[in-house]
Amino acid sequence: MVATATMVGAIMGLSCQFYSNAVRKLPLMRHPWEHVLAIGLGAGFGNAVASWEVRLQEDLDKKLSEVQTANNKRYIGTMRAVED
Amino acid sequence: MFEHDFLALFPEIFLINATIILLIYGVVFSTSKKYDYPPLVCNVSWLGLLSVLITILLLASSTPLTVANLFYNNLIIDHFTYFCQIFLLVSTASTIVMCLGYFKEESLNAFESIILILLSTCSMLFMISAYDLIAMYLAIELQSLCFYVIAASKRDSEFSTEAGLKYFILGAFSSGILLFGCSMIYGFTGVTNFEELAKIFTGYEITLFGAQSSGIFMGILFIAVGFLFKITAVPFHMWAPDVYEGSPTLVTAFFSIAPKISILANMVRVFIYSFYDPTWQQLFFFCSIASMILGALAAMAQNKVKRLLAYSSIGHVGYLFIGFSCGTIEGIQSLLIGVFIYVLMTINVFAIVLALRQNRFKYIADLGALAKTNPILAITLSITMFSYAGIPPLAGFCSKFYLFFAALGCGAYLLALIGVVTSVISCFYYIRFVKIMYFDTPKKWILYKPMDREKSLLLAITLFLISFFFLYPSPLFLVSHQMALSLCL
């Protein structure tokens with residue numbers, strides 16, 4: 001998961017830098033340190049998004065289970081009372 | 001208690017202070033004889049961008065609160081406001097990045113434009129977190145006042161002055177209607193707080209006139225009209241093409257991006273949280289259909305790029321209203337996804353327009369030589385236009401797909417059907433860009449100057465997000481689901 005996020009992020013960062021040079025009609029490898037910076041930023045961003053997604057999923061599951069519990073208490077509790 | 005309120009509002013307070021300091025810096029130094037009246041617009045732009053980025057960091061570094069009411073229930077902070085505010089700040093930062101080279105190219109020494117953009121961003125932040133009719137009105141009014149001035153910021157241009165005046169007169173009229181609606185609601189219910197209003201409208205609290213009185217209905221109607229005007233929905237769109245065309249391109253970009261986020265966030269809070277009722281739903285159904293049809297048909301007759309983009313924006317408001325008028329969690333979720341993708345596409349297209357602006361690019365026909373002189377920029381514009389048209393697998397298709405799916409889910413089949421038909425019609429004028437670039441013989445050959453680095457990076461990021469959104473949509477889904485839940489539960 002971490003390796004994939006890092007790799008995809010790094011490729012996206014590098015692609016952005018290539019695109020930026022290409023659209024300005026500069027040689028693709030102009031200022032190579034910018035490419036390294038872009039790869040680093042992309043990898044960091046990829047990892048951050050991946051970990052953020054995991055955290056979001058946990059928060060959402062927690063929220064949905066709270067809602068489910070509240071709904072069950074409200075309706076299923078009432079139905080049982082009627083059956084009794 | 002008050003101390004915690006100020007702490008929770010620290011990002012907004014920081015941005016306001018930064019704006020005031022930048023204003024003082026600009027006023028003091030630009031009028032200084034000692035420094036030979038220096039043009040400060042570039043410095044102020046970079047410092048403004050830095051302020052917005054720091055505000056984003058301040059906001060993002062704090063853990064989002066589940067829910068917190070501030071200043072005696074006048075403002076609210078929850079997941080919905082948290083993500084909307086971050087999104088708004090990112091889009092403002094993108095707008096400032098777009099304009100970094102603009103002032104130099106246009107020989108426009110107006111650092112006030114950046115100050116006004118920052119000030120209106122502050123008001124939009126407050127608008128997103130408004131939880132009371134008075135707080136909401138004050139935030140909208142501050143935003144509008146900044147917009148009237150910023151539309152007329154190119155003082156030597158007749159078009160810009162006309163746009164500013166037109167916007168001011170019609171905007172003041174709509175603000176009056178909005179305020180009248182708020183006062184009617186207050187007159188008939190005795191409350192201005194959204195939570196109190198929600199209790200009355202759900203029948204939890206009984207008022208003297210009841211929640212179904214005609215006075216309350218008229219109040220809601222007036223508020224809706226005020227909002228529809230601000231967001232350029234049909235039939236209150238008439239000002240938009242003229243103002244968008246007359247304003248400087250940077251201002252047009254800002255008008256098309258940031259207010260859409262804040263006004264839609266506020267509308268969702270007011271109409272879905274407080275006034276939830278099937279009566280106004282019909283009004284938004286009508287506006288959605290009318291905006292989609294007019295946006296698609298009127299844009300076909302346009303030859304100027306900015307006018308076409310104005311009608312495209314009206315059409316997209318119609319699509320976004322599909323999600324809004326559904327009133328379900330899926331509807332809100334699709335609306336939020338739609339706004340995100342719309343903002344991405346608009347940033348991309350305005351970055352291209354601003355990059356070509358230095359060649360006095362005004363008409364669509366001026367794009368004739370682009371594919372020959374700068375093929376990569378032509379491909380980028382083509383991809384964005386395909387995405388606007390909703391061609392799979394680009395982000396625009398995903399946005400429309402979720403919106404239509406939400407409409408089908410709540411039984412609004414007519415909305416989905418008209419949405420599909422107008423999408424097909426709109427392909428005509430979006431794909432016209434591609435035809436002119438690749439298949440027409442250019443009437444005049446323009447050698448486009450290379451763009452600056454900031455714009456090219458902005459273009460790269462938005463282009464990748466538009467092109468590859470379909471591969472990894474889950475983070476946006478999760479965020480929008482959480483935002484919708486925090487609003488509806």
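Here the Cβ of each residue, glycine as well, is placed from N, Cα and C on the backbone.
Per TrEMBL, the feature transmembrane segment maps to B:6-28, B:40-60, B:80-103, B:110-128, B:165-186, B:206-229, B:250-276, B:282-301, B:335-356, B:376-395, B:401-431, B:457-479 (among others). What TrEMBL records for B:130-426 is domain 'NADH:quinone oxidoreductase/Mrp antiporter transmembrane'.
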The answer for the transmembrane segment (B:80-103), taking Cβ pairs under 8 Å and residues 6+ beyond its ends, is 11, 41-42, 45-46, 48-49, 52-53, 55-56, 59-60, 64-65, 109-110, 113-114, 117-118, 121, 124-125, 128-129, 248-250, 253-254, 257-258, 261-262, 265, 268-269, 339-340, 343, 347, 350-351, 354, 357, 451-452, 454-455, 458, 479, 482-484, 486-487
Establish whether the number of Cβ pairs under 8 Å between the transmembrane segment (B:457-479) and the transmembrane segment (B:6-28) reaches at least three, counting only pairs separated by 6 or more residues. no
Outside the transmembrane segment (B:40-60), six or more residues from its ends: residues with CB under 8 Å to it: 10-12, 14-15, 18-19, 22, 25-26, 29-30, 82, 85-86, 89-90, 92-93, 96-97, 99-100, 103-104, 108-111, 113-115, 117-118, 121
